[in-house]
Amino acid sequence: MAKKWLNKVKWDDNGLVPVIVQEVGTNDVLMFAFMNRDALQKTAELGEAVFWSRSRKRLWHKGEESGHVQKVHEMRLDCDEDVVLLKVTQVDNIACHTGRHSCFFQKFEGDAESGDWQTVEPVLKDPSQIYTAKP
């Protein structure tokens, strides 16, 4: 039987919904990703973030390789029912594959003519130490 709460989500033509991940406590926006029905269902079951990887075409349990899982405290649906917000605790404080706290580590500084994107968050851990080849 279809779950009513999953049917309420307005999925796009590819069966996906955009997801914003926000840290509990700081309210920092950590990342943006997509979920399909299975990913949202798994997230609710596990209490940890599971996304749909568009490049790998498979479910992606956040932290499955790095250990940097996201413990979900709350799931919210926006007013148009087409965007999900996850409020999470980020394990080891690293959400980004670059080894940073947030994927939003570049800030626009300057004006429209001469401005540029500046890196404003440090690398907390070298990605080569996070993602190692599996035997």
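A Cβ is built for glycine as well, from the same backbone N, Cα and C atoms used for every other residue.
As recorded in Swiss-Prot, the features of this protein are as follows:
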type    : residues             : note
BINDING : Asp78, Asp80, Asp82  : Mg(2+) binding site
BINDING : Cys79, Cys96, Cys103 : Zn(2+) binding site
Integer Å distance between the CA atoms belonging to Cys103 (Zn(2+) binding site) and Asp80 (Mg(2+) binding site): 25
Cβ atoms near Asp80 (Mg(2+) binding site) (within 10 Å, other residues, all chains): 7
In the chain carrying Cys96 (Zn(2+) binding site), residues 6 or more apart in sequence that have Cβ under 8 angstroms from it: Leu30, Met31, Ser102, Cys103, Phe105
For Asp82 (Mg(2+) binding site): intrachain residues, at least 6 apart, with Cβ closer than 8 Å: Val9, Lys10, Asp12, Val17, Pro18
8 Å Cβ shell about Asp78, Asp80, Asp82 centroid, Mg(2+) site members excluded: Lys10, Leu77, Cys79, Glu81, Val83
Most Cβ neighbours inside 10 Å, all chains, among the binding-site residues Cys79, Cys103: Cys103
